Each structure stands twice: as structure tokens, then as C-alpha cells.
Amino acid sequence: MSVEEFDDKVLIVNGSSSVTILKFGASIISWKLNNEERLWLSSGAKLDGSKAVRGGIPLVFPIFGKQKDEKHPTFKLAQHGFARNSTWEFLGQTSESPITIQFGLGPENLNKETQEIWPYDFTLIYSVSLHEDKLVTQIEVENTGTQAFEFNWLFHTYYKIPDITDTLVNNLVDQQCFDQLVNQQYVEKAPVISFHEEFDRVYKNVNQDKILQIVDKGKVLYNLKRTNLPDSVVWNPWIKKSEGMADFEPKDGYLNMLCVEPGHVNSMILLNSKDKWNASQEISTGGEIKVQANIY
Ligand code: BG6
């Protein structure tokens, strides 16, 4: 078991499992379990801090997408905010079992322009725990200033999958969703989600007792448990959108990736002075298909 810090990243190794976290964006760029890579990372991803990482687990804060309300303090921020585009501080190892490390981000780590646009005092503490059979990522947001602020949070997880056309996501039936491609709200009626074209939906207020499963030809690949993250974005860019993303490589990589992104994005979280907010995602692999259709 070891934690090794490099100039630009931190590597945790535990037997045949490992996780690699870039200091830029505190983005996880690799998670291996039984020596097998579980996250999709574009071969064209920029890992030098020049752009948010295309793949792995980028962190979205304090805004998901672009803010539409021009009076909101997040209006001038870049798409998905600044957490994925800022260099975090490595705070060290905080536990041996499970092996856990932390990263921190505050206004002092932001560039001047971002500090001016979003002038709040805050501390983000990001914890990554590598268990023998799962990966847990946890975030704490603290308002260290005197002014309240509002934010979104999202773990933008890119899963590695054998073939998107054989992939299903379950336990989202009857869930309210917002389809970002047609700008429409409706109730998801598909018993399981399948993929044949570009897909970009925000499922809202998904009961946190529901485990979202990514299934490949009847075999469970991933189980996603969420704490304090009511919404889940499901995204695959398919052919045309991938072509338009310079850092999306190989161009048929959309066949081997699927984003299932737990977050708090349908509404903003209001954090008053001195308050803290916590959330986490827990990803495990394998096991039985669990149908949890009728809990709302
Ligand atoms: C998803 C959004 O979370 O992120 C999509 O739902 C978006 O609309 C995608 O295209 C990727 O965003 P970006 O900024 O990393 O290209």
C-alpha cells in the first residue's frame, strides 16, 4: 500500500488496485481494480493544465453547464465552473484503511479573473478513498466568509465500457428528467436506458436509496451509490458531438464511454456563512442486477 506524490499528480496503489489524481482540477484520471482500468480517458485529453481533462472524474463547481440568469454571480464563469480548471493543493493522507487522501481548494488557488467574478471565501476539501472493491469520492464545501453563496456540485464520472450499444442504465424509470438536447422536461418511461444516438439528460431528485447500475449484455459493470446528490446526468456525445470536441480521441471513443454523473444541479445549494455541505459517490463493480423501480 503506498501513496506517492509527483509534481503534477498523486498515485495510490493498493495491491492490484490504484488511483491517479492530477493536482490540476483534482481530476481522477485513472482507477484500476484488479489491474483493469475502469474510467475512460480520452487519448487527446490535455493533462498539462491547459484545459479541463476530457475523461476520468472532473469536478464541477460552482455551476453546472452555463448559468442562464445573468444576475447570478456564477453567470460569467466558464461552463462547469472553475474547480476542474484550477490547481488544487495536495493535503496528504488522512487514513490507512481505507487508504484516503485529500485535496483542498480555496480562493487563493484561483486566478485573479475568477476571484473577481466569484468573490466568495470558501474551502473545498476533496477526499478520495481507494477500497479493495470500490472507489469513494467525497466533497465538503465550507463557506468561510461572511456572505452566503449558491452553488451546484457534480462528479463528472466517465465510465469505461466495452460497447455503448450493448449498455443499459437501470433504476431511472418514472423519474422526472430534463432533456438538454430538446430543452424539454418529461417523465422517463424507458424501463432501462439504452443508447442509439447523442444522449444528454438530467434526472431529477432520484431517491438516494436507488443504486444506479451500468449493465453490459446482462452483466453489471458498475453500481453507483450517492449521498446528498439528488440529480444524475447521463451523457454520451455520440458521433457528431465527439467530432466537434478537439480533445475527444479516438473519434469512435464514444463507443467505449458513458458518463453517469451524480450531482446537485437541478437547483442550487444555498450555503450560509460558516456552514458546511457534504456529498459523496461510491462506485463498485459487479454483482446482481437490482431493480428498484418503484421507490420515489
Ligand atoms: C455534461 C453535460 O455533463 O457535460 C453536457 O450534460 C456537456 O451537456 C458535457 O456537453 C461535457 O461538457 P464539457 O464542458 O466538458 O465539454
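Cβ coordinates come from backbone N, Cα and C, glycine included.
For reference, TrEMBL has these:
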type     : residues            : note
ACT_SITE : HIS156              : active site
ACT_SITE : GLU261              : active site
BINDING  : ARG54, GLN79, ARG84 : substrate binding site
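On the structure: features taken from TrEMBL.
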{"residue": "ARG54", "record": "substrate binding site", "CB count, 10 Å": "23"}
{"residue": "GLN79", "record": "substrate binding site", "CB count, 10 Å": "12"}
{"residue": "ARG84", "record": "substrate binding site", "CB count, 10 Å": "22"}
{"residue": "HIS156", "record": "active site", "CB count, 10 Å": "24"}
{"residue": "GLU261", "record": "active site", "CB count, 10 Å": "23"}
Applying the rule Cβ within 8 Å of the centroid of the Cβ atoms of ARG54, GLN79, ARG84, what extra residues of the same chain belong around the substrate site?
LYS51, ALA52, VAL53, PRO58, VAL60, HIS80, ASN85, HIS156
Relative to the Cα of GLU261 (active site), which of the recorded positions ARG54, GLN79, ARG84, HIS156 have a Cα no more than 10 Å away?
HIS156
GLN79 (substrate binding site) to HIS156 (active site): how many Å between their Cα atoms?
13
What three-state secondary structure does DSSP assign to ARG84 (substrate binding site)?
helix
In whole Å, could you give the widest CA to CA gap in the substrate site formed by ARG54, GLN79, ARG84?
14
Return the members of ARG54, GLN79, ARG84 (the binding-site residues) with CB less than 6 angstroms from at least one atom of ligand 1, or none.
GLN79
